[in-house]
Structures are given as structure tokens and as C-alpha cells.
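Undergrad: Pasting a structure below so you can have a look.
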Amino acid sequence: MTTINRDRLVDHFIQLVKVDSESRNEKQIGELLAEQLGELGFSVHKLPVPEEVSNGFNLYAKLDGAIEDSIVLSCHMDTVTPGIGIEPIIEDGVIRSKGNTILGGDDKSGIAAIMEAVRCIQAENLQHKTIELAFTVHEEGGLFGSQHFDMSYIRSDKAIVLDTGGPIGTIVNAAPGQQKIVAVIKGRPAHAGLAPEEGISAIQVAADAINQMKLLRIDEETTANIGIVQGGNATNIVMPELKIVAEARSLNGDKLDAQVTHMIDTFQSVAEKHGAEVEINSTRAYNAFVIADDHPHITAVKSAFEAIGANPYTKGTGGGSDANNFNAKGLTTVNISTGMAKVHTTEEFIAIDDMVKVTEFVKHYLTH
Ligand SMILES: [Zn+2]
């Protein structure tokens, strides 16, 4: 019993992905969505963010409902690169890009689903929950929009982010926190041929430290990686300085702290042993979250999926999303699949049937 207007949903999605909105350049898509949400009867607020985050704004929009419940639905408005001049192609019920750009279904498939669900609800004159929308800028590469989201507007205590892939019914209820560690090891330069014993080799210090470090898979919940190493100018100079950029992630905050302490301590003690110095800059990119399977929010999301004939299941993920920041700000937030696939590549695609299904989910959730 689907009443979703498939053509209208696809047309809106195509319209949205054709608006360029690579991270930091969300003004145009923000203005368009603000206008469209206004036409649907939402009260719309453009929430400022720091200039370095975006040329646009986060969007908060609210539509009061007669059902005594409320929910925040959230998507990000930005895309990764290459995302300029996207030309979507529809083939055998699947939407993809021409092949020279990403599609932008990440995350405009979520926005299109939410707005089509609202259009159906209004066309059928159905009672619904109070709907709060949080559309963010600059999610890709740092979750900056949600980090700067003005939470004073939010009334509900729970949220659904529509920003992951997998079968419709996928509910992400756990995601790791992440720490970024930048270590600059400072040795001492010397002529590598004439007087190498006068030097302290930054790369040898780093190698010694890394050799003693627990890295990659630490345990079921925890990972760590050294991703970038930069240093050196010439073979005849004992390397005076080396920069290392590393990360650690864990679903468990204590384990994350322990791993970060271990990595920093190892850099420091090994540098000291070699008579070198190390400067460390350690920052929390975002915090972990875990929502219990029997939490009422999960139960309600699951039963809405069951009602539309999907098979809901919860799972943890290794990546971050706006759900990390919203959970850290006190909003109980899950992240569900819109059916987006091969995201962040020029082969990105989405099946129209999945878009319809997730729209049915939103419609059902909002009206029951
Ligand atoms: Zn995304």
C-alpha cells in the first residue's frame, strides 16, 4: 500500500543533486531547501556557522503535528569531490552519475525522502508527529556542521540521521569516537658523511617509537593507525625533523583514552631516550556513541521498518557521522540507510525502489 509519488521523489532528488554543494559551499542548496521547506509550511531558521566551516548555514525547520511526539530528522547538505556539474542518469531503476562525478545521493537521498514523506502526509491529510529538521553543512571530512549546530532550537530528545548505506532497515546504533594525533619529532641535523655521530635522526627516533607502539586492530572496539609521515630533504643530512599524523578510534571512551595515552607516552619516552624532542598535538575529532538494542528509540524505529515490510537490524560502524555529534550533545540519535551505494566514488548509485522504501519508512514513522 504505497502512496509515495515515485516520480515526484525522483524529480526532487535530481533537482537537488544538480545543485553544486561540495563541502564549504552549501549556501545555494541551503537557500533552495529553506524556500522549499517554507512552502511546505515549516518554520525555517538559517543557523550561522563559522566562516571557515561554510559559506552557507545549518538549517533548522519545524512543523508542528497533532500526534503527541516529536523527532529530529537530519541529513547533511554537502558532498565530497568531484561534485561539480553532476549529471544524473536513470537506467533500469537505478540513478547514477555520468561517471565523471559522484552522484550526491550521500546525502541528498535522505533529504528527498524526508520531504517526499511530508508531501504525502499533507496530500493525504494525515496526523503526524512534530517534525524537526536539522540539515547540516560540511559533514564530510570532519562533522563540522553538526559540531557547530545551535542545539537551543531542538525540542525533541531523539533523532534519526539518514546517512548510511546497506539494505533498507540498516540502523547504525554504535560508532567509534576518534582522536587525531600530530607528532613532530625534532632530532638534530648533521652532515651524514662527515659527522653523522653529531646528529640525531628524527626518522630513527620515529621508527623506534612506532616499533614499540600497538597499532592497527587493538581489540574488537579499538583501532589505531599512522596515516601520514613527512620529513627529510637530502640524503647527506641526518634527518632533523619528521611529522607524523595518526588516529585512534574506539567504541569505548576509556579504551580510546588509554590508546591515545599509550601512543603519546611512547613518542615521548622514545624521543627522550634518543635525546630528541617531540611536540604533540592531540585533539578529539568526535565522541563515540552506543545505544542499547532495547532502547525505546530503537524499538520504535525497528517497528516502523517492520510495518513497511523491511527487515530492521542494528549494527556498529567504524566511521563517524553527524549522529556522533548529536549523541554527544544529548540527543539520542541513530543513523539509518537510504540505500546509497559506493559513496565517495564516481560509481556512486542508488536504486529508486530503495528511495521509495526509505520514504515509506519516514512516512510511517511520522504518522504512527
Ligand atoms: Zn554522508
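Cβ atoms are placed via backbone N, Cα and C, with glycine included.
Annotation source TrEMBL lists Zn(2+) binding site at His344. For 183-273, the entry in TrEMBL reads domain 'Peptidase M20 dimerisation'.
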Undergrad: Same chain only, sequence gap of 6 or more: which residues have a CB within under 8 Å of the CB of the residue listed as 'Zn(2+) binding site'?
TA: Val80, Ile102, Asp106
Undergrad: Go ahead and report the DSSP secondary structure tallies for the domain 'Peptidase M20 dimerisation' (183-273): helix first, then strand, then coil.
TA: 34 helix, 32 strand, 25 coil
